[in-house]
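Okay, so here's the structure we're looking at.
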Ligand SMILES: Nc1ncnc2c1ncn2[C@@H]1O[C@H](COP(=O)(O)OS(=O)(=O)O)[C@@H](OP(=O)(O)O)[C@H]1O
């Protein structure tokens, strides 16, 4: 028994450095992993927190706006961004994907139509020889994912309705281009 104990203690003593080194390595690894995970959690919480903050800020702004509209607190004013705050380049930059291409094409057509007669310009059909296009008589205003596209589709089912082929974004993106641009590029279908 005592021989066995002696043998075990000798083995422990022989390998104690390796055992200690292994323990130190694993502890360091554990320490490193826990610090990394904690940092990750903290940054996630930070993101969520800032999202919530933004949400509450927006909610607050909206509520203040409503109060202002309802006359509950007339001293608080809503600060609106003036329509000309964005330079034309910025507005162009907002157009994305396919729409960017369509807008560019429309701009080119528009500029060529202003330099040459409408009958000569390549983007014009024969029906565009009319002096001007009408402004829309109704406008659908909605938030993203608010179902505006569906509403437009439903309204367009009526035979007396001539609808824009796609969302115009005149008031939020292309306002600086002016009413003439809007009227010309109202992208109404052929009845427009
Ligand atoms: N009647 C009705 N009931 C419930 N949900 C509806 C309805 N009409 C449209 N939708 C859903 O609205 C989403 C599209 O809204 P928008 O056309 O405004 O979207 S967009 O922001 O202009 O792209 C789109 O949601 P997602 O499918 O989740 O994208 C539509 O499915």
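Along the chain as shown, residues are numbered 1 onward.
Quick reminder: no glycine exception, Cβ is built from N, Cα and C everywhere.
Feature annotations, reproduced from TrEMBL:
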type: TRANSMEM; residues: 21-38; note: transmembrane segment
type: REGION; residues: 53-82; note: region 'Disordered'
type: REGION; residues: 95-133; note: region 'Disordered'
type: COMPBIAS; residues: 111-121; note: compositional bias 'Low complexity'
type: DOMAIN; residues: 136-183; note: domain 'Sulfotransferase'
type: BINDING; residues: 145, 146, 147, 148, 149; note: 3'-phosphoadenylyl sulfate binding site
type: ACT_SITE; residues: 145; note: active site, for sulfotransferase activity
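Its Cβ taken as reference, residue 147 (3'-phosphoadenylyl sulfate binding site) is surrounded by 12 other Cβ atoms within 10 Å in the chains shown.
In sequence order, 142, 143, 144, 150, 151 are the residues of the same chain, not among 145, 146, 147, 148, 149, whose CB sits within 8 A of the CB centroid for the 3'-phosphoadenylyl sulfate site. Taken residue by residue with DSSP, residue 148 (3'-phosphoadenylyl sulfate binding site) is part of a helix.
Secondary structure counts, DSSP: the domain 'Sulfotransferase' (136-183) has 18 helix, 1 strand, 29 coil. Shown in sequence order, 140, 141, 142, 167 are the residues of the chain, 6+ apart in sequence, with a C-beta less than 8 angstroms from the C-beta of residue 148 (3'-phosphoadenylyl sulfate binding site). In the predicted model, residues of the domain 'Sulfotransferase' (136-183) average a pLDDT of 85.
Each of the binding-site residues 145, 149 was scored by the number of other CB atoms within 10 A of its CB, and the lowest score belongs to 145. Neighbour count (other Cβ atoms within 10 Å of the Cβ, all protein chains): 11 for residue 146 (3'-phosphoadenylyl sulfate binding site).
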